[in-house]
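Here the structure is laid out as structure tokens; the discussion comes afterwards.
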Amino acid sequence: MANIMPISTESCKIGFIGAGKMAESIARGVINSGVFPASNVRTAHLGQRRTVFESFGTKVFDQNSQVVQDSDVVIFSVKPQVVKDVVLQLRPLLSEKQLLVSVVAGVKLKDLQEWAGHSRFIRVMPNTPAAVGVAASATKEDGELISKLFGAIGKVWTTQEKLFDAITGLSASGPAYIFLAIEALADGGVAAGLPRELSLGLASQMVLGAASMAVSTGKHPGQLKDDVASPGGTTIAGIHELEKAGFRGILMNAVVAAAKRGQELSKN
């Protein structure tokens, strides 16, 4: 990758290939945080998603080829089943002057680099509050740019690609498990007599506060749980019911099942 000039973060144009929920989440985070202005973000779509992206100032083209030609960083955010065809279709337009990024689950970096025809490719596995990245041959400047870009939506880790399927099962899929838990907790509040809106608000804020404590205190989650569960009290009674239902095992199985599905996708 000799003679490749670093991309200026001030003038950098970010292009999304794919205009789904993940691309929207990253684009909104980048714009709302002030990392990049809306005028520097672009995608392509002809349907309803076009209106969604235009609503927060993103430039929307009709064709993916236009996005590639007008972007310094190209983020592939499409379904795993179609990413090969999409990259191969755009390959004639891709150059090593551009930094390529994949947020596609289950698709390995070496395959992405082969399809694109060059190695300036970084693989990132984001969810709404965090992102994990790996790059086989990224420059220091490329790594800093990606940290700045995905740092707009939360904390960024760098790790080995062999861990990505497990990361998919835990971090990328995990928000859905928590949303399901919030919904169930809110339903429990309603069953106990709370109004629906109040119950959902309390459940959501409680999860937010608990996660904040787990991050900020440095205590093991088991210790935080013990701090709340007084002898013979209400909390330990609730925990007892969760343990009888196999709550921990269910969550562990969900992570493992999603990780296995990520492995399956990488073999297709």
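Indices start at 1 and increase along the chain as displayed.
Placed from the backbone N, Cα and C atoms, the Cβ positions cover glycine too.
Keep in mind that what you see is a predicted model, and the values were worked out from it rather than measured.
If you check TrEMBL, you get these features:
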- ILE17, GLY18, ALA19, GLY20, LYS21, MET22: NADP(+) binding site (BINDING)
- ASN64: NADPH binding site (BINDING)
- 13-106: domain 'Pyrroline-5-carboxylate reductase catalytic N-terminal' (DOMAIN)
- 161-265: domain 'Pyrroline-5-carboxylate reductase dimerisation' (DOMAIN)
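Feature map: annotations from TrEMBL on the structure.
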residue : record               : contacts (Cβ under 8 Å, 6+ apart)
ILE17   : NADP(+) binding site : THR43, ALA44, ASN64, VAL67, VAL68, VAL74, ILE75, PHE76, SER77, VAL78, VAL86, LEU90
GLY18   : NADP(+) binding site : THR43, PHE76, SER77, VAL78, VAL86
ALA19   : NADP(+) binding site : THR43, ALA44, HIS45, ARG49, ARG50, VAL52, PHE53, VAL60, SER77
GLY20   : NADP(+) binding site : ARG49, SER77, VAL78
LYS21   : NADP(+) binding site : none
MET22   : NADP(+) binding site : SER77, VAL103, PRO126
Worksheet entry | Additional residues around NADP(+), ordered along the sequence, whose Cβ is within 8 Å of the centroid of ILE17, GLY18, ALA19, GLY20, LYS21, MET22 | PHE16, ALA23, GLU24, THR43, ARG49, SER77, VAL78
Worksheet item: Mean pLDDT for the domain 'Pyrroline-5-carboxylate reductase catalytic N-terminal' (13-106), as a whole number?
Response: 93
Fill in: Helix, strand and coil residues within the domain 'Pyrroline-5-carboxylate reductase catalytic N-terminal' (13-106) as assigned by DSSP
39 helix, 19 strand, 36 coil
Practice prompt. Using a 10 Å cut-off, grab the number of neighbouring Cβ atoms around the Cβ of ASN64 (NADPH binding site), all chains included.
Written response: 23
Worksheet item: Counting by DSSP, what is the helix, strand and coil composition of the domain 'Pyrroline-5-carboxylate reductase dimerisation' (161-265)?
Response: 89 helix, 0 strand, 16 coil
